Amino acid sequence: MNSSCCPSSSYPTLPNLSQHPAAPSASNRSGSGFCEQVFIKPEVFLALGIVSLMENILVILAVVRNGNLHSPMYFFLCSLAAADMLVSLSNSLETIMIVVINSDSLTLEDQFIQHMDNIFDSMICISLVASICNLLAIAVDRYVTIFYALRYHSIMTVRKALSLIVAIWVCCGICGVMFIVYSESKMVIVCLITMFFAMVLLMGTLYIHMFLFARLHVQRIAALPPADGVAPQQHSCMKGAVTITILLGVFIFCWAPFFLHLVLIITCPTNPYCICYTAHFNTYLVLIMCNSVIDPLIYAFRSLELRNTFKEILCGCNGMNVG
């Protein structure tokens, strides 16, 4: 990535080829080559990027075409899919650029390479902020569904959801520009780390509160007949909350190594053990791209309506309810 994340080496670097000047000496100390940078073939990044793009485009098409999916939660999922597409597109384009540079088929100026590097890093930054904000928006949506069920449709309308999505992407665009402007400052990394842990803590608090309330509520209505439809509605709300909890868990699992990488760059850039960890940067990028691949699978697994819409789109069927 940019020099604020990964110290520059003797040749132009991009995320997929991040180098650390101290790594060779650390490797010699280890004696086993553990600190050597992990090399991942460009084909892996390209394959993950293509699969992720196709999956997330399918998610967006499904929500747009099926009127039954025109609800705030699914619009937020569309926005999350767009964020996943952005990170996959960024890494794929960057991989292609790295291949071109290494093949010597084109001679590119260092200034141009650095400029493109900042753009790709900015795209990843935008994707990260968008993912966090959309996950938080979905968490709030589920929170309102459970705690204010009777007023949900007046509190969280489609218009409000779309306005919130637009606001999220405007803020993400501003963050992307700021990332390029202050690309040499470590404060960019500090801000990303702070946002990540603050949002995770906030979402964790919301979900704990939701599940504790839902558990108590289910216990209270367990003995009552479900004639009024309260139990099925509560079950539907909880199913949505469980789905988003799974998404949040996968997000944390896939992004946490990358953020630990950033933390170590800030706190112990010369420590041999920290250098060993940061030498596996490419592995953390693969995990990030895997998150973009896994998310659509979670949508399909947890939503029968979305799964059926996927089948109808892929099979070219016309029996779809368009709203």
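Every residue gets a Cβ built from N, Cα and C, even glycine.
These numbers come from a predicted model, not from an experiment.
What Swiss-Prot says about this protein:
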- ASN2: N-linked glycosylation site (CARBOHYD)
- ASN16: N-linked glycosylation site (CARBOHYD)
- ASN28: N-linked glycosylation site (CARBOHYD)
- CYS315: S-palmitoyl cysteine (LIPID)
- 1-37: topological domain 'Extracellular' (TOPO_DOM)
- 101-118: topological domain 'Extracellular' (TOPO_DOM)
- 182-186: topological domain 'Extracellular' (TOPO_DOM)
- 269-277: topological domain 'Extracellular' (TOPO_DOM)
- 38-63: transmembrane segment (TRANSMEM)
- 76-100: transmembrane segment (TRANSMEM)
- 119-140: transmembrane segment (TRANSMEM)
- 161-181: transmembrane segment (TRANSMEM)
- 187-210: transmembrane segment (TRANSMEM)
- 246-268: transmembrane segment (TRANSMEM)
- 278-301: transmembrane segment (TRANSMEM)
Long-range neighbours of the transmembrane segment (187-210), counting only residues six or more past its ends (CB under 8 A): 4-5, 125, 128-129, 132-133, 135-136, 139-140, 142-143, 146-147, 178-179, 241, 244-245, 248, 252, 255, 259, 262-263, 265-266
Mean per-residue pLDDT computed across the topological domain 'Extracellular' (182-186): 79
Residues of the topological domain 'Extracellular' (269-277) by DSSP state, where helix covers H, G and I: 6 helix, 0 strand, 3 coil
Residue counts (helix, strand, coil, in that order) that DSSP gives for the topological domain 'Extracellular' (182-186): 0 helix, 0 strand, 5 coil
Seg_contact(the transmembrane segment (278-301), the transmembrane segment (161-181)) with at least 3 CB pairs under 8 angstroms, min sep 6: no
Neighbour tally for the residue listed as 'S-palmitoyl cysteine', based on other Cβ positions within 10 Å of its Cβ: 8
Listed stretch, out of 76-100, 119-140, 246-268, that has the most CB pairs under 8 angstroms to the transmembrane segment (161-181): 119-140
